[in-house]
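J.: Quick one: the structure is below, questions incoming.
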Amino acid sequence: MSMILLIEQVLNGLQFGVMLFVMAAGLTLVFGVMGLINLAHGSLYMIGAFAAATVAGMTGSFLLALAASLAAAAAAGAIVEVVVIRRLYARDHLDQVLATFALILIFSEGTRWLFGSFPLFLDVPDWLRGPVSLPGGILYPAYRLAIIGVGLAVALGLWALIARTRLGIRIRAGESDREMIAALGVDISKLYTLVFALGAALAGLAGALVGAIQSVQVGMGEPVMILAFVVIVIGGIGSIKGALVASLLVGVTDTLGGVLLPVAFAQIMQPSNAMLVGSALASMLIYILMAVVLVVRPSGLYGARA
Amino acid sequence: MTIRTLITAGTLAALSATTALADVKVGMITTLSGGGAGLGIDVRDGFMLAVEQSGRDDIEVIIEDDQRKPDVAVQLADRMIQSEQVDILTGIVWSNLAMAVVPSAVAQGKFYLSPNAGPSALAGRGCDPNYFNIAWQNDNLHEAAGAYANDAGYTNSFILAPNYPAGQDALMGYKRMYDGELGGEIYTQLGQTDYAAEIAQIRASDADSVFFFLPGGMGISFLKQYADSGVDLPVVGPAFSFDQGILQAVGAAALGVHNTSQWSKDLDNPTNIAFVESFQAEFGRLPSLYASQGFDTANLMISAMEVADVDDQDAFRAALEAADFDSTRGDFAFGPNHHPVQDIHVRKVVQEGDVFTNVIVATALTDHADAYAAECQF
Amino acid sequence: MFPPIPKSSKSIWGADMLNVDKIDLHYGAAQALRGVSLTATPGRVMTVLGRNGVGKTTLLRAIAGRNAVSAGTIRFKGQDVTRTRSEARARSGIAMVPQGREIFPLLSVKENLETGYARLPRRDRSIPDDVFELFPVLKDMLGRRGGDLSGGQQQQLAIGRALVMRPDLLVLDEPTEGIQPSIIKDIGRAITYLRAKGDMAIVLVEQYFEFARDLADDYVVMDRGEITLAGAAADMDEDEVLRRIAV
């Protein structure tokens, strides 16, 4: 395998990883601050993609489409928080899982009712179309480079928000002691709605960004949702930093595993069998990674000690 | 009566379980919700269009949603067979669901008419006299793609499909007909949405063409990413990733791609012309491959009803075998294992106005039967 | 023209900053408070004495709005706040230094203090100088994480955080519990200073009798959810009180 191919695959892994991060950040934030398991986070990803496809179809502007994805997902998140989620904080995790699973079904069928059963069209904008040449003769799609940039910018922005602003102080304070933060005069329900909407907006942004190179269709959020859960478990539930490290780890592991394992197995068995065994094992790799991390650090890489 | 009211009536009938005065009771189990709903909806709409056009009032269709889940499909089939006492089952889109439902349904003496799924297990040793496939055996379109690759002069194909039985059959089917070398062979993950790693491998290979089988959203993702990657090797695939339902979502990325199909909207025969026109008038969209298969399935059933009573199983089976109906594909006949013997065409994706669609450019295989027929013993 | 608004809050809503009137509180079927009444006045320290588990902390939680009462009323600055939620009470001027301190261990000392800003208009969002005068150690440790502080330092931080809110009523739950004597002295000095400022009412729950006695202007003794003795500290029968709170 050539060096160029390897570097390209590492870039692919990074790109996959930063998108997972944008998705998982909201999930881990919501779990950390509110203690809520939100299975419907993937639905917000879908809403972002559908909003972007709709606005891009009407206006032709990709930037407007991204803005729409943020706004639509944040609005949907805020509404869902006020109407449903708010009643779940005090309940146990099983109730939360059941209720948010119901939300998935409602969002999926609602989206189908609005947009129909066929996938929607959303494309890369013209100004990011096609590959660019990187040093060393690597051809890499400009759009994917842009995704890496946006993902890192989101990570930086979230870090600044959490570490440097009053909202960030409240979020971190709320994570450790919500009763006390209320006793200090912080309107905890408003804070929760805000955090939930923020997480939703990020999921929506991820949906729109990824929707341009994948398919915008009902149910698109569930597979990525599972990966996002893997990420926050590896990273340590509630930790943004953990989510970033874990997403990059999962992204690179998954991408390189899928490429390298079949090659590795081909050294010791027939090519066609190596292909089957290698890709089967590659699809399990991130779960194996999760298991190993949990054995070594039961609360995840950056999780608070239980 | 419009098709919508027919569908509603069918659903209501299923709910109220009143026994209508129908001579043939059809149970349709198909995917109407979740990710693959577009396919099931097209099968249903094509089927009901044919029922409506027949003008017959002795057909009762009970339509249920399997949610693309085998366990749900099995439950629905049990209910339809035991409480509703349907004569014929149809509708299933996915091979894994078909494998869960069909063997038990035919063992209980019901006819099963498959409008889409054609797993090899049901074409070879597991064939059954009461099981008819009106679409294709799963390998057929891939075989045609391999044959087309030879015709197009490709000698070094890079091939990929998801790592599940239908994906393995697809690569097998392609290789069965394709004579050249393989520039690479990859099994992707089922449901995978990002193909950057695979595309990088294609770029790094010395292949001269790409064959892929990635149904549904997987194909949309692959094509968009492939078009954006700057790799410009010609692409061949079965019709599933280029069908009417998803072409609009792929957009210009699919333009010029060759794909193999037993049906196309521009097939020049009176039945097909009338079908395309009436489907568009009724539903306001172009029909897909799946809609044509649903339409043909209903017309096959109706043709058998014309000459035989469904309660006389032997006569009805013989009438089905005769396949004396006007297919949207033109000529249509069954092989000895009740799977189609048919032409498979090569289509090219073009843009007509705002709409992306397919036109036929060649015929890859003529009167093609499947590879498993010899293993079938009734 | 309106008369000038008097500096002391007393004359606006009468003498009492806080007026707890015959409240009951239940935890499920168990009754934790029975007809408890108590008042707190600016410039005075109301001390709540009693053995462990007699309802002192519950009383403070009821005042701060952390637990709902089942009967009776709580008035703050003349307003009925019986059904008002905890954060709204905090915003109207009730600051709590809870038992166990409840500082935020992962936030820096500075950030911990800044959590007290929530009720303040933007222009008032600063840490008052007297916080650092009372607890100079906090100034030295501004960048340290709350969780890295010693127990006594955490207690000072919790009081400092409450003072950042510029409260009208300060509620302290056993601020001396588990704290070394030198810091207890600092805390005592801080409470004395705040009382002397005269604009703040203070309710102090204590088990450490001498500490409480030295600071108290008024006192109540609780037993089994009820107030069994009450009065001005000046008239306190120490032997009787000690007998009632002895273990």
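Even glycines carry a Cβ here, placed using N, Cα and C.
This is the feature table in TrEMBL:
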{"type": "TRANSMEM", "residues": "A:16-37", "note": "transmembrane segment"}
{"type": "TRANSMEM", "residues": "A:44-64", "note": "transmembrane segment"}
{"type": "TRANSMEM", "residues": "A:70-89", "note": "transmembrane segment"}
{"type": "TRANSMEM", "residues": "A:101-122", "note": "transmembrane segment"}
{"type": "TRANSMEM", "residues": "A:142-162", "note": "transmembrane segment"}
{"type": "TRANSMEM", "residues": "A:191-213", "note": "transmembrane segment"}
{"type": "TRANSMEM", "residues": "A:219-237", "note": "transmembrane segment"}
{"type": "TRANSMEM", "residues": "A:244-268", "note": "transmembrane segment"}
{"type": "TRANSMEM", "residues": "A:274-296", "note": "transmembrane segment"}
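Burial and contacts for the listed features, if you can.
T.: Packing against the transmembrane segment (A:101-122) from elsewhere in the chain are residues 39-40, 42-43, 46-47, 49-50, 52-54, 56-57, 65, 80, 84, 208, 211-212, 215-219, 221-222: each is 6 or more residues past its ends and has a CB under 8 Å from a CB in it.
Long-range contacts of the transmembrane segment (A:142-162) within the same chain: residues 11-12, 14-15, 17-19, 21-22, 25, 124, 128-132, 168, 171-172, 202, 205, 209-210, 212-213, 240-241, 244, each at least 6 residues beyond the stretch ends and with a Cβ under 8 Å from a Cβ of the stretch.
Remote same-chain partners of the transmembrane segment (A:191-213), defined as residues 6 or more beyond its termini with a Cβ less than 8 Å from a stretch Cβ, comprise 19, 22-23, 25-27, 29-30, 33-34, 41-42, 44-53, 62, 65-66, 68-78, 80-82, 85-86, 89, 122-125, 143-144, 147, 150, 154, 167, 170-171, 174, 181, 220-221, 224.
Long-range contacts of the transmembrane segment (A:219-237) within the same chain, counting only residues at least 6 positions beyond its ends with a Cβ under 8 Å from a Cβ of the stretch, are 20-21, 23-24, 27-28, 31-32, 39, 41-46, 49, 104, 108, 203, 206-207, 210-211, 243-247, 249-250, 286-287, 289-290, 293-294, 297, 299-304.
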J.: Which sequence positions outside the transmembrane segment (A:16-37), separated from its termini by at least 6 residues, show Cβ-Cβ distances below 8 Å to it?
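T.: For the transmembrane segment (A:16-37), the list is 44-45, 85, 88-89, 93, 96-97, 100, 147-148, 150-152, 154-155, 158, 171, 174-175, 191-192, 195-196, 198-203, 205-206, 209-210, 224-225, 227-229, 231-232, 235, 237-240, 242-244, 246-252, 254-255.
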J.: At a threshold of under 8 Å on Cβ distances, which of A:44-64, A:70-89, A:244-268 pairs most often with the transmembrane segment (A:274-296)?
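T.: Top-ranked stretch among A:44-64, A:70-89, A:244-268: A:244-268.
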J.: Mind checking which residues reach the transmembrane segment (A:70-89)? Cβ under 8 Å, same chain, six or more beyond either end.
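T.: That would be 34-36, 38, 40, 44-45, 47-48, 50-51, 95-96, 99-100, 103, 189, 192-193, 196-201, 203-205, 207.
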J.: Which sequence positions outside the transmembrane segment (A:44-64), separated from its termini by at least 6 residues, show Cβ-Cβ distances below 8 Å to it?
T.: 23, 26, 70-73, 76-77, 107-108, 111, 114-115, 120-125, 128, 199-200, 203-208, 210-212, 216, 218-221, 224-225
